[in-house]
Structures are given as structure tokens and as C-alpha cells.
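Record features (TrEMBL):
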- 26-47: transmembrane segment (TRANSMEM)
- 53-72: transmembrane segment (TRANSMEM)
- 93-117: transmembrane segment (TRANSMEM)
- 129-146: transmembrane segment (TRANSMEM)
- 229-250: transmembrane segment (TRANSMEM)
- 271-295: transmembrane segment (TRANSMEM)
- 311-333: transmembrane segment (TRANSMEM)
- 354-379: transmembrane segment (TRANSMEM)
- 505-527: transmembrane segment (TRANSMEM)
- 539-560: transmembrane segment (TRANSMEM)
Amino acid sequence: MKKATGSPSVGGSCPQKNAEILSSQYGINLFLAGLLLTFAWAVHAVGISKSHLLSYLITLMLIQLLWMLWYLCRSCTQRRLIRDKDTHAGARWLKCGITLFAVITLILDSFKIGYYIDFSNCLSPTEGIFPVTHAVHTILQVYFLWCHAKDIIQSFKTLERFGVIHSVFTNLLLWTNGVLTESKHQLNEHKERLITLGFGNITIVLDDHAPQCNCTTTTLCSIFSQGIYYLYPFNIEYHILASTMLYVLWKNIGRKVEHHQQHKTPFKFHGITVGMIFGLIVLTSTIAIVVVYLIQIGRSKIKSELALTMFYLHAIFVLALMCTAGIVALLIYRLEDRSLDNSKNPARKLDAELLVGTAAGSWLLSWGSILAIICAQAHPKYTWYNLPYSVLVIIEKYIQNLFIIESIHREQEKVNDDIKTLRIVTISRGSTLSLTPSYKEIYNGRAAHDSGEVPCLFKGSICGRENGGGGSKEETSQENSSVMHSASDFSFYSRNSVTNNKRRVLKNIAAFLFLCNLSLWIPPAFGCRPEYDNGLEEIVFGFEPWIIVVNLAMPFSIFYRMHSAASLFEVNCKT
């Protein structure tokens, strides 16, 4: 009977593994088909229009909507069933972040609807259907992630694998579409700026996808068309966050988890004042730099060069501070003797892989800039600032990745029982009395004063006197013993104080790096991209090859900063 009951679980692992492989291949093919369709539209392929791409995306979103509705209905009917949850997945702060991005994405969809209404005479109906479908998809998906991101699915596993992986790659395609649309807009502006920097030998051909008709209300059309591109960075972050959360849900299907107590780690502002102050200074100065950069760049050659110099000097200073903070944090870790948590965890593993994988995007751009500076024949003054900037970008990500990955793998610190039983002691008349009951006494419900006994901290002293034998030698030995134990208690206190100081420093460093990563996310997300405007790389590598490299690497670089900020927020809560 035992073999009969045990065999299905062993044999069932093979079909489930096959289902995982089949579903992943389905998702990859789904993504590749959409990627080629997006590329064909971008290069104006014959017979491929924007309506074909939008129709494909609308179809994918409708299929995902049907699956999510089915899953939500099934969950409501089985609400009484006790389900396993992955406590590491779908943290509250992550849900709040994706909700914020989703709200701004809904504003973007409303702008697109308004834009379609104003140009309805010459736009395809799919351009009006797409934002409506996308808005409904966004609302339902955020609700789904809030309610079920932690689920470990144990029923209908094969069907659910296909549903979840479909959702993952649908969000990745929507992310790709947003990145491409935003990049094409940035590229047109970049081509115009190169003229002001004196790069007249580069052929300027604008990639225009504007409607071929007049707008019904010119003012509203201008607001919608300009506002859309300022909102795209939030839409891009929303879809990449949604895809990562859904991927963790997919990896958790059929997973067996160990049931052990999880410690809640709420975020607290107490004790991180220094890190927050310095981080806010960096954030404020970065916003000011971005505003000045966007105003000055492209106005004239002198103003553009000053804007680039200002950006590089500010970024060098911030990156140097971040490198120093990361090195200090790693040195503190080297002084501590704490083991790493090597248990299987899909969310934590994905975090580490995303950090290293997306960092490769900015590393690629940095090495390209370094090579261009070395190989170029002429070097404008502002391009020399690009060299230390590129080197620091590489070093800073090395240090920060090591700090974050080690932090999320470190086990929660357990308070020593000796520190828990630390008492406030007083020395009076040669005896040491405990003024408070110990932690263990309180826990066991038998504090000394409740039973009417005199609280004794150490053997000897008053307890010894009550039992008789009050010779001077015994009193002397008892006093010496009291002092030794008192010194031991205070050594525990000092050790605990050092630990708290280290923890406070680490929390301040995590808070500072959190705000710095948010600061460094702002410039590329809102069009402040010296990799475009520098001009030196285009001369060395050629305009089209370098632009392709930048367009491929920049989305990963932008996502890296936001993902690092999210990981550092978790580190701050955990420390």
C-alpha cells in the first residue's frame, strides 16, 4: 500500500517537468513572433503596419484576461481551501510600487484615447481599441497580483503553467512595444541635437510615424502627443515588474515549501536619518541637473557642451560616493560571522539574476565609450569626463551587486539568549541585586518577586548569607564573583551595542544607495542620455551601429536602477 501511494508522486514529477518545458517553449515562441512583428513595423517592412502589431497585442491581452477571470472565479469557489503561500514573493512594497506605475499607465492610456479621438479620421480603429483593452488589462492584472502573487498553485498545474507563462510574455511584449516607441521618439530628438554639436557629417533622416492628417483641436493634440512620451518610462517599468512577479508565480507552480515562521520586516525611518538626508540631496540635485540638461542640450554648441560637462561631473561625484558606501558595507560584512541562507527561493534567485543580467546593458555602453575615447582621433574637452564616468559605472555596479546579493542571502540575525537575559544591575553594600526579572523568568511566568523571593542574580551574595556561613573569606569570594558576573553582563551589553551600531550603518548605507539608484534612474528615463548626445561614439563605431547598441542596452540599464532600488529597499527592511 505504501508503494502504491508513493508511486504517483514520483511518477507525477515527469509530466509536470514536461509541462514546464512545453509551457516555456510556448511562451518563447509567442514572444519571438511578437518581437519580429514589432521589428518589421519599426523598419517599415512591406505589408506590415502598426495595426497588425496592435491586433496581435490586443489578442494576447484578451487571452490573458480570460485566463485571469477563470483563475479568479475558481479561487472564489475554493476560498475555504488552505493554500500554500510563498512569503518571499509579492512583497507589499513591491505591490505598492506596481500599483503606482499602473495608475500612471492608466493616465497614459487615457492620453492615447484622447490622441486617437483627435486623429480619428486617419488612424486605424486598432489604435483606439488598444488603449481601452490595455486599461482593462492593467486594472485586472494589478488586482490579480495583489491577491495571488504569493500563491503556490497545486491544482490544474499544466493549464496554469500555460496561463501564467502566457501572461509573462504578454507583459514582455508590451514592455518591448513601449521601449521601441519611446526609443524612436528619443532617436528623432537625438538626431536633431547632433547638428548643434557640429556632427554635420552624420546623415539625419527622421523616422516619422506621425498621422497624415490634421488634428481637430491643436492644443489638445500637442498636450497628448508630448505627455505620452513623458509617461512611457512608468509604463515600461510597470510591465517589467509585472512580468517578473508573474515569472515567480510560474516557478512556484507545484513547488513544495517548508513551513517555517517568517519574520515580518516593516520599513522604519528611525535610525536612517543620515542616509536619507544625503540621498535626498543627491535626488534633488539630480532632478535639477536633468532639468537644466534638457533645457540646454541642443540650443547651441557651447550650451550643449556645458550641459554634457555638468552631467558628467555630477554623475562622477555621485558614483564615487556610491562606491565608497558599498565598500564600507562590504567591509562591515567581512567583520561579521554570519552564515548565508542557501535554501531554494525562486524570488531571491530571480533578483540576483536580474541584477547581474541587466547590469550588462550599462557595462556594454561603458566599454563602448571607453573604447571610443581611446580610438578617437579628435577629443572635444567634454568627452574626457566620459572616461572616469564610464569606469565608475562599471566599478559601482560590481560593488553594489555584491552588496545586494550578499544582503538578500544573509540569514536573519537571531538574538543571543545571553543578551536577552541581560539585567540592569546595581552594586550596593558589596552585593549585586537584579532590579528586573530575566527574559526567561518572564517567559516562564515565574519572576522572583511574584513568589515573594528575593531576586538573586548570582550565586552567593545575599542568597549565600541567608543559607548561613557569613565568613569574611566567603564574603570576599562572593563579592569577586559578583563583580566578574557583572562585568560579563556589561560585556554582553557592549557587544550588543557594537552590533546595533553596525546595523545602523548598514541601514543608512542601504537607504542612501536606494535614493541614489532612484536618482540615476531619472536621467535616462526622461531623455537625459549622454550616450546619444556625446557624438564621439557615433564617429568611431558609425551612427547606425552605435544607435542599435544604445537602443538595445539602454532599457536594461534603466531597469537595473529601478530593480536595484527595489532590492535595496528590501535590504533596508531586512537589516
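Glycine is no exception: its Cβ is also placed from the backbone N, Cα and C atoms.
All TrEMBL annotations are machine predictions without curation.
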Distant-in-sequence neighbours of the transmembrane segment (505-527), which means Cβ under 8 A and at least six residues beyond its ends = 186, 189, 230, 233, 271-276, 278-280, 282-283, 286-287, 289-290, 293-294, 311, 315, 318, 321-322, 325-326, 328-329, 332, 400, 403, 407, 554, 557-558, 561-562, 564-565, 568-569, 571-572, 575
May I ask for the residues of the chain that lie six or more residues beyond the transmembrane segment (354-379) and have a Cβ under 8 Å from a Cβ within it?
-> 244, 386-387, 389-391, 393-394, 397, 401, 404-405, 531, 534, 536-537, 539-541, 546, 549-550, 552-557, 559-560, 563-564, 567
Per the Cβ filter (under 8 Å) with a sequence gap of at least 6 from its ends, the transmembrane segment (311-333) is approached by 278, 282, 285-286, 289, 293, 382, 385-386, 388-389, 392-393, 395-396, 399-400, 402-403, 406, 410, 502, 505-506, 509-510, 512-513, 516, 519-520, 523, 528, 530
Are there residues at least 6 beyond the ends of the transmembrane segment (26-47) whose Cβ is under 8 Å from a Cβ of it, and what are they?
-> 53, 56-57, 60, 162, 165-166, 168-170, 172-173, 176-177, 180, 184
Chain residues in Cβ proximity to the transmembrane segment (271-295) (below 8 Å; excluding those fewer than six residues from its ends, i.e. six or more beyond) = 307, 310-311, 314, 318, 321, 504, 507-516, 518-520, 522-523, 526-528, 572
